[in-house]
Amino acid sequence: MFMVAQLKVPGITFIATRLRHYFRNMECQDLQPPSAVRGMQELQRDRFRKSVQVPRLRLPESQVQRVMPLVKKLLLKMEHLHPVRAVDQSREILLHPTPVKNWESLPTEELQKQEVTKEHFSFAELELGYENWSASEILKSVLPAEEEGLTSYSRIGHIAHLNLRDHLLPYKQLIGQVLRDKLPNCRTVVNKAASIDNTYRNFQLELICGEAEYQVVTKENGVPFEFDFSKVYWNPRLSTEHERIVKLLHSGDVLYDVFAGVGPFSVPAAKKRCHVLANDLNPVSFHWLQHNAKRNKCLGQIKMFNKDGRQFIVEELREDLLKRLLTTDTSAYAIHVTMNLPALAVEFLNAFRGLYKVEDLAELPGNVVYPTVHVYSFAKGENTKALVQELAERHLGATLDDSLLQGISFVRNVAPNKDMYRVSFRLSHQLLTTTKEEQLTRKRGAQEEDQLEADLQNSASKVKCV
Ligand SMILES: C[S@@+](CC[C@H](N)C(=O)[O-])C[C@H]1O[C@@H](n2cnc3c(N)ncnc32)[C@H](O)[C@@H]1O
């Protein structure tokens, strides 16, 4: 499902989902909205009315079907405007003024074979109005031409979610109205009111047009979700990343989802018949997570928790994983851990260190396969990829060498110089049975032993010399 739209308007980016025009209407001055609408801050729809001269063929109805293939690429296509119209007893075919300047611009030989002559061709007046332009075209003609326009917005069910730059704030009501008028099934338009810095990562919203109704039904990768967008975290820009992880999973695999939100990893995984343990600290997310598992008929495959991520790791994950390591053939299926809280998740990595005592894992089968952790992180600066690895290693207290590291994948650019990555690595017996501190002490001990050995050899050789 199409979620993030892009507008070609100076501060919004619309990806065209409508039919492609052979000739761009906005490059033809006659087909643009009246120039007087530039700078309008309060939407006055009737100020978009204008009349233009457009070329056309007027034919008896019986000829239209044979002529259409000849002029198909020259038709005038605008919103709510059918290029073939009934006029009295005949039909008019509206043509685009850019390629059709006169009768000679048409494929005259073929038309004449169909008994269409110069007499059938004329220019006549056409009334255009607000309804004939798309949201992108309307906004492009209204917003300041010299500054960046509306570059992007997200669709979450019936909500359009904007992140307006400061220079567009005086136009916010107008932008909201245009989007609500023009976007199919859009009932609510909100602007991001502040950066997401609260614990539950939900956006602070400002209603700019429509109903204050935030309970949405949406689909991601074919899976329906329902939630209150004002109280939980949901970002349609992550749909590809969710899909990548879900594609890694197969029936019978295990997923521990530490920061599950309303379930975009967990619910599709459970639907695939994986065994899922999903957790989120936000009670509202937890509520919708349960709702989505029920709605998607996968309650039998998923256990849900409303705990702090660290507590979830040291209690639920620990116990479930121990049982699996000791009593199942972990080489026969995969175990994954997702940690998508990019501002903080790396700080939870040390919860895996010393999760077990050596004796807990004393009876492991020889072919044991440990879980793969996918931890998400932001990094700001020059070499963001190296930075995230460094961050993950620092918090884990271990080097992610080739035996552990499975990959560092770019997820998305969040802001200039700020990227989001996924660091995927395998847990190991050593990581799970020693704490960071123990490892350090052992390392220091080993270094001291090496030093002692070197000193002894040194003094021994001195004695020989003497
Ligand atoms: C960035 S969202 C990710 C949600 C979902 N996994 C996704 O991919 O869209 C992070 C989630 O972590 C939850 N969260 C924040 N702090 C947490 C904590 N200490 N323990 C568990 N969950 C937490 C938030 O409520 C939020 O739902």
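Cβ coordinates come from backbone N, Cα and C, glycine included.
Of the residues ASN296, ASN340, TrEMBL places ASN340 in the same S-adenosyl-L-methionine site as HIS242, ASP280, LEU281, ASP308, GLY309. Packing around ASP280 (S-adenosyl-L-methionine binding site) is summarised by its Cβ count: 30 other Cβ atoms lie within 10 angstroms of its Cβ, all protein chains included. Less than 8 angstroms from the CB of ASN340 (S-adenosyl-L-methionine binding site) sit LEU238, PHE259, GLY261, PHE265, HIS374, TYR376, each of them six or more residues away in the same chain. The average pLDDT the prediction assigns to the domain 'SAM-dependent methyltransferase TRM5/TYW2-type' (153-429) is 95. Cβ packing within 10 Å was compared across the binding-site residues HIS242, LEU281, ASP308, GLY309, and the lowest neighbour count falls to ASP308.
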